[in-house]
Every structure is written in C-alpha cells, then in structure tokens.
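Peer 1: Pulled from TrEMBL, these are the listed features:
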type	residues	note
REGION	43-62	region 'Disordered'
REGION	111-136	region 'Disordered'
REPEAT	235-268	repeat 'TPR'
REPEAT	274-307	repeat 'TPR'
C-alpha cells in the first residue's frame with residue numbers, strides 16, 4: 001500500500017522519489033500494520049539490515065549520515081523495501097543471515113548448497129604430507145630401528161643354534177649403535193641418549209661372546225656395563241660374570257662376584273637371591289670349604305627349601321662326617337614340597353562318564369608330564385641320599401637302611417621304601433652275603449606286582465648263579481607273570497630256558513625283552 005501511494009515517473013530515480021514524497025506528503029494508517037502482509041514481509045526480511053549509527057559507508061571511511069524526523073524514518077523503510085525487492089528480482093537468492101556471523105557461518109550463500117550445522121567435511125581429506133628422509137633426526141630414527149632389528153636377528157640366530165651368525169649380528173648392532181650415539185651427541189644434549197638401547201646392545205653382545213666361549217671378551221663387555229653408573233640395574237650382571245669364572249674354575253673370583261651381586265639385589269627378589277646363594281654354595285664345595293657351603297645351603301632351606309639345596313646340604317654333612325646332621329638334612333629333603341598332585345587324582349570313577357573323560361584327557365598332558373618328571377627327580381635325590389648316608393649314620397649299613405626306610409614310609413614317598421629294601425638286598429649281594437640277600441628279597445613275594453617282579457628277578461638271578469635251575473625257573477616265571485614288560489625278568493627266563501637246552505624258545509624271550517627295551521644289552525648279547 002505504501003508503494004502504491006507513491007507516484008513515480010517512468011524514469012524517476014531515488015532523488016525523484018524523495019522529492020515526490022516531499023511534494024505529495026500523504027498520510028499513512030498505522031493501526032492495521034499487523035494484518036498488512038507486504039509490511040510484515042518487508043519487516044521480516046529487513047531484520048538486522050539497518051546498520052548502527054557508527055557504521056561506515058561501504059568502501060569509504062566516512063560515517064553514514066544520521067537521519068532525523070519522520071521523513072527520514074519513512075525513507076529508510078522505503079530504502080530497505082526497495083533493496084529487498086530489487087535483490088530478490090535480480091538474483092533470486094534469499095538474503096544471507098548476517099546476524100549469526102559470529103557463530104562461524106558463511107554469509108555467502110551458494111545456489112543449491114545445503115546447511116551443515118556440524119561443519120562436516122564435504123569430501124576426502126587431502127593426503128598427508130610425506131616426511132622427507134633428508135633430516136638428521138629422521139636418519140637417526142631409521143638407524144635406531146636398524147639397530148633393534150640387528151639385535152633381534154642376533155637373538156633369533158642364537159635360538160636356532162647358529163652361534164657364529166648371532167655373534168656377527170651382535171657386533172654389527174654394536175657398530176651401528178656407536179654411530180647413532182655420535183650423531184645424536186652432535187644435535188642433542190647427553191640426556192637424550194637412549195640408554196636402554198645401549199644396554200640392550202651391550203648385553204646381547206656379551207651373551208653371544210659367552211655362547212661362543214669367548215670368555216675374555218664377554219668379561220670385558222660386562223665390565224663396560226657394570227662400571228657405567230647410568231645403568232641403574234647393571235650390577236646384577238655380576239652374576240653372569242661369576243658364572244663365567246665358575247666355568248673357568250676360578251672359584252674364588254666366582255664367589256666374589258656372586259657376593260657382590262647378592263649385595264645389590266633386594267630381598268623382594270627372593271628367588272634370584274636363592275639361586276645366587278646356591279651358586280655360592282656349589283663354588284664352596286668345589287673349593288672344599290664345606291662349612292661355608294653348609295651356611296649357604298642352610299639359609300636356603302630356612303627361606304625356601306628345594307631339592308637341590310637339600311641334597312647338597314646332605315653331601316656337605318657327609319663330607320665332614322656328621323651323622324646326626326645327615327639324618328636331620330635327610331628328613332628336611334623328604335619334607336620339601338613338590339607342588340604336584342599325586343596319582344590319586346588320575347583314578348577313574350566308574351559312575352561318572354564326564355569326569356572319566358576329563359581324567360583321560362589330562363592324564364598325559366604337558367602339565368602331567370612335568371609333575372611326573374618333578375616327582376621322578378625327587379625320588380632320585382632321595383634314593384641317592386639314602387644309599388649315601390645309610391652306611392654312615394649307624395653302626396652298620398643294614399641299620400642305616402632300616403632307619404631310612406622307616407623315614408620314607410612315614411612320608412608320601414611310600415613306594416620308595418620298597419625300592420630301598422631291594423637296594424638293601426643288592427648291597428648284600430655286593431658284599432657276597434647271599435643268605436641275607438635271599439631273606440630280604442623273599443619278603444617281597446606278597447607285595448604288589450612291580451616290586452614282586454623286581455624281587456623275583458633278583459632271586460632268579462641268585463639261584464641261577466648257584467646252579468639251582470629249578471628255583472631259578474620258578475622265580476623267573478614269577479617275575480614274568482608279575483610284570484610281562486620287565487626286560488630283566490624276560491632275560492632271566494630266557495637264561496633258564498637256555499640252560500635247559502631250548503635255544504629257540506630262549507631266543508624268543510630275548511627278542512621279547514629287546515622289544516620292551518631296545519637298550520637291554522644283556523638280552524642282545526645272549527641272543528647273539
């Protein structure tokens with residue numbers, strides 16, 4: 001309506017519009033502006049367009065002229081309306097929102113573009129700029145990577161048994177690491193040196209020298225590490241130096257370095273300290289210093305008892321002839337915990353199929369094999385110790401054996417008691433006391449099959465030597481029937497058959513013994 005009340009000439013300009021208004025001077029109705037569609041549209045599109053009074057004229061440094069009075073206000077409204085309508089007609093693009101420029105939105109609208117409030121990328125990111133390998137820092141980084149690769153290759157070659165190649169790789173890693181160290185010192189302070197890499201290279205080189213039995217070079221390399229105060233844990237490598245001196249049979253120096261290493265290891269590393277004390281005790285035994293060795297082994301048995309330390313302690317007491325201490329040490333050896341489950345857990349249950357399947361599955365797995373090996377080692381230590389101390393702890397070896405048998409029977413090594421009894425009979429044989437041997441062996445005729453087979457085999461052997469073929473045959477049959485897989489029993493049975501003139505049948509028994517144990521040289525000799 002406002003534009004209709006203004007009469008414009010066909011070629012009028014903005015100045016003519018202003019002068020026409022001054023000439024016409026119409027009256028406007030402001031009561032119905034809320035229902036005026038054109039006015040409301042003009043008001044909505046002109047929101048925020050009027051600049052502040054302090055704004056500059058675009059393209060100049062002059063301030064905008066201040067409009068005053070009713071006419072000025074009306075001209076401003078007309079100017080806004082004209083600019084709004086003219087821009088719509090000219091480009092057909094809605095006026096941008098300039099009130100939100102501070103939020104980061106662009107005021108230049110593009111035809112067909114969509115509004116993206118999250119500012120997400122409109123396409124793939126530009127590729128990363130490739131690092132140039134010309135910089136000194138990049139060269140050092142690559143050199144450090146090469147050193148690590150050489151150390152790893154050296155360790156792999158050592159594990160594969162190629163000791164010469166392992167040493168060559170270790171030496172090359174040392175040369176590359178020294179070159180890296182020289183370059184880094186030129187551009188960085190000493191604090192930036194990679195001490196871990198230096199320590200790794202030197203330790204691997206020393207280890208490869210030891211593997212190649214180049215002990216002098218290994219000791220020199222270890223000395224470089226130990227004397228460098230920047231390596232906080234270098235002192236523990238004195239253990240390795242002690243091991244080298246022990247291999248060279250320089251026991252005094254080995255003990256010295258073991259003790260120096262022991263002083264630098266805290267009590268929190270209990271197992272490491274125990275291993276070092278074991279080495280010290282062994283070195284003392286080598287030098288004949290049994291009392292010093294006893295001190296080391298007794299300390300170990302009081303802190304964390306183990307089979308090796310307990311057995312070595314018995315050896316020391318045997319060397320000095322202390323029978324009472326031998327008895328005490330033997331009891332301590334038997335009481336050493338093995339940390340294994342015994343055969344009771346592998347007994348099959350008749351009514352539980354699922355449990356039986358599980359038991360069969362774990363009966364021969366790797367963990368069960370480790371348990372059997374550990375138990376076998378313990379039995380070997382105990383048997384050897386009993387045979388060693390039995391003649392020394394009492395007035396006669398028979399009384400000593402009886403004491404050892406009683407101690408073993410009271411422990412969880414009950415089966416060893418029977419083996420000790422058979423060993424007692426074997427000792428009688430060595431002393432040519434055949435009657436005592438026979439009496440001892442006949443005690444096992446009512447024992448379990450394994451022990452019965454061993455005793456019957458020895459009895460058959462004794463009667464065969466005494467030319468009592470009938471008794472020898474009877475006990476040979478008893479031994480074979482008790483344990484068909486006992487090669488000694490089969491060999492003795494073949495001997496009795498051979499003595500009776502049946503060579504073909506004797507050969508069959510010898511062959512069966514060899515099938516059960518290919519290392520049974522007696523059966524092989526007799527078969528030949």
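Glycine is treated like the rest: Cβ placed from N, Cα and C.
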Peer 1: Six or more residues out from either end of the repeat 'TPR' (235-268), which same-chain residues have a Cβ under 8 Å from its Cβ atoms?
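Peer 2: Distant Cβ neighbours of the repeat 'TPR' (235-268) are 203, 206, 210, 215, 218-219, 222-223, 225-226, 276-277, 279-280, 282-284, 286-287.
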Peer 1: So what's near the repeat 'TPR' (274-307) in sequence-distant terms, Cβ-Cβ under 8 Å and 6+ beyond its ends?
Peer 2: 239, 242-243, 246, 249, 251-252, 254-255, 258-259, 261-262, 265, 313, 315-317, 319-320, 332-333, 335-337, 377-378, 381
Peer 1: Looking only at the repeat 'TPR' (274-307), what is the mean pLDDT?
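Peer 2: Mean pLDDT for the repeat 'TPR' (274-307): 94.
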Peer 1: Helix, strand, coil: count each for the residues of the repeat 'TPR' (274-307), based on DSSP.
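Peer 2: Split by secondary structure, the repeat 'TPR' (274-307) comes out as 28 helix, 0 strand, 6 coil.
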